[in-house]
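Q: Can you read through this structure? Questions will come right after.
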Amino acid sequence: MDFTMSLVAGLIAIGAGIAVGFGAIGSGIGQGIAAGKAFEAMARQPEVRGTVQTFLIIALAFMETLTIYGLVIAFMLLNKMS
């Protein structure tokens, strides 16, 4: 019985790590692409810098929620270990 419980705890810990890792990878890639395209837009048309920057910050905040959701899921999984 002890082996089964430690196996379950280990798999839960791996699942928590995967949840945080994939969430961070996905939002990191998305943020990099969005920032790159925003800088390209600002370089082509400097007069729209304020508008593009505002939309970029809002979009980055939405993308960051993916990482936060992964962290919340990881905490929920780790609480199941107790």
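Backbone N, Cα and C define each Cβ position, glycine as well.
According to Swiss-Prot, the transmembrane segment annotation covers 5-25, 55-75, on the basis of sequence analysis. According to Swiss-Prot, the feature site 'Reversibly protonated during proton transport' maps to GLU64.
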Q: Using Cβ-Cβ distances, find the residues under 8 Å from GLU64 (site 'Reversibly protonated during proton transport') that belong to the same chain and are at least 6 apart in sequence, listing them in sequence order.
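A: Residues satisfying the criterion: SER27, GLN31.
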Q: Can you work out which residues elsewhere in the same chain, 6+ from the ends of the transmembrane segment (55-75), have a Cβ less than 8 Å from its Cβ atoms?
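A: Same-chain residues near the transmembrane segment (55-75) but 6 or more away: 16-17, 19-24, 26-27, 30-31, 34-35, 38.
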Q: Which of the three DSSP-derived classes (helix, strand, coil) applies to GLU64 (site 'Reversibly protonated during proton transport')?
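A: DSSP call for GLU64 (site 'Reversibly protonated during proton transport'): helix.
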